[in-house]
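These features come from Swiss-Prot:
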{"type": "BINDING", "residues": "HIS19, ASP179, GLY180, LYS181, ARG246, PHE247, ASP255, ARG261, LYS262, ALA278, LYS282", "note": "ATP binding site"}
{"type": "BINDING", "residues": "ASP21", "note": "Mg(2+) binding site"}
{"type": "BINDING", "residues": "GLU47", "note": "K(+) binding site"}
{"type": "BINDING", "residues": "GLU60, GLN103, ASP255, LYS286", "note": "L-methionine binding site"}
{"type": "REGION", "residues": "103-113", "note": "region 'Flexible loop'"}
Amino acid sequence: MADTRSRRLFTSESVTEGHPDKICDQISDSILDEILKEDPNARVACETSVTTGLVLVAGEITTSTYVDIPKVVRDTIRNIGYTRAKYGFDSETCAVLTSIDEQSPDIAQGVNQALEAREGQMTDAEIEAIGAGDQGLMFGYANNETPELMPLPISLSHKLARRLSEARKGEILPYLRPDGKTQVTVEYDENDQSVRIDTIVISTQHHPEVTLEQIESDLKQHVIRSVVPEELIDEETKYFINPTGRFVIGGPQGDAGLTGRKIIVDTYGGYARHGGGAFSGKDPTKVDRSGAYAARYVAKNIVAAGLADKCEVQLAYAIGVAKPVSISIDTFGTGQVSEARLVELVREHFDLRPAGIIKMLDLRRPIYKQTAAYGHFGRTDVELPWEQTDKAEILRQQA
């Protein structure tokens, strides 16, 4: 038997679009997208909560356009698949309550005209009059473990969750219902290379009449085998499929949901650090969102350039101040150049002021709903600007 003393296990999870917290993320980002379609400069901080038969949308929105929020809510729930009362939640009959205010003028004055501009250090044209919408710290991460430069556990967890929804919506497994969760445990060797999958956990909501045996058989055939590389599975890989034995009551009927409660699912599955800020429902002046996207963009380009096998980038901001108060890079001993040199390259080639990020990544567009389920990073099914590696070549040349 192989020596496993220096091997380690790492686990990440994902959830399907029908999970209560993810319903809320998708509603918040659908509202954001509808507003940005007509008013790209809108300020949006939209929070959603769901429970049995009820959706509450609250927050601060300053915009020149009108959006029929209840219609957006119902359309989103319908597209997810909650279309019948027997699912415990129905897009046509659920109550939708809204409580929307405008952005605080105290915050707006800091965002509208950044501190450096007020002090005469920079022109409004340079900063486009946008300071950070809040203080805070954000992390971005990339490694060369997968083609999309993401850690393998979260990558596979997302793919399993997305495949669950495809099997349901495509009626490959018509007894599936929208709520579900996935989890993958990967074994790493002493060189930190992934060698095998130790455990796969899938819990999926289902029709009450289907047997656990059928669910187990079908998910192995139609979900796991279609997603997980065969060479990573061996006879010792463990499967836990609906381990409680029954998952009929789910969605908002089973658990209340809230925007921003799946921040680790949204990012790197716990493989990298997290600054604590959620993404969904926030316009790009909120650095919780745009700063995290920029940090991923930086980290991915550093790894794509071959300057490190792993790279974690931390950005930090002060409210109303455009320039980040700190930029920190950790390559975990895998860097081809010093971390200090990488910070210099980042300052030179990436504009990490909020207005600079918005311009660099073209963020004033309705592109956010598609990020609200199955992860904001490492996506190969949708085009996201922070996933581009267009800076890799110049970083490689100048390192």
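Each Cβ is built from the backbone N, Cα and C atoms, and glycine gets one as well.
Here the features listed in Swiss-Prot are placed on the structure.
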residue : record                    : DSSP (3 states)
HIS19   : ATP binding site          : coil
GLU47   : K(+) binding site         : strand
GLU60   : L-methionine binding site : strand
GLY180  : ATP binding site          : strand
ARG246  : ATP binding site          : coil
ASP255  : ATP binding site          : coil
LYS262  : ATP binding site          : coil
LYS282  : ATP binding site          : strand
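In terms of C-alpha distance, the listed binding-site residues ASP21, GLU47, GLU60, LYS286 place ASP21 closest to GLY180 (ATP binding site). On its own chain, LYS286 (L-methionine binding site) has ALA45, GLY133, ASP134, GLY277 as residues at least 6 apart in sequence with a Cβ closer than 8 Å to its own Cβ. If you take the C-beta of ASP21 (Mg(2+) binding site) and look for same-chain residues 6 or more apart in sequence within under 8 angstroms, you find VAL15, GLY257, LEU258, THR259, ARG261, LYS262.
Take the CB of GLU60 (L-methionine binding site) and look out to 10 A: across all protein chains shown you find 16 other CB atoms. Proximity note: of the listed binding-site residues (HIS19, ARG246, ASP255, LYS282), LYS282 have a CA within 10 Å of the CA of the residue listed as 'K(+) binding site', given in sequence order.
Largest CA to CA distance in the ATP binding set (HIS19, ASP179, GLY180, LYS181, ARG246, PHE247, ASP255, ARG261, LYS262, ALA278, LYS282): 36 Å, whole number. Comparing Cα positions, GLU60 (L-methionine binding site) lies closest to LYS282 out of the binding-site residues HIS19, ARG246, ASP255, LYS282. Within 10 Å of the C-beta of HIS19 (ATP binding site) we count 29 further C-beta atoms, all protein chains included.
The average per-residue pLDDT of the prediction over the region 'Flexible loop' (103-113) is 57, rounded to a whole number. Over all protein chains present, the Cβ of LYS282 (ATP binding site) has 27 other Cβ atoms lying within 10 Å.
The binding-site residues examined here are ARG246, LYS262; by Cβ neighbour count within 10 Å, the least packed of them is ARG246. With all protein chains in the displayed structure included, the most crowded Cβ environment within 10 Å among the binding-site residues GLU47, ASP255 is that of GLU47.
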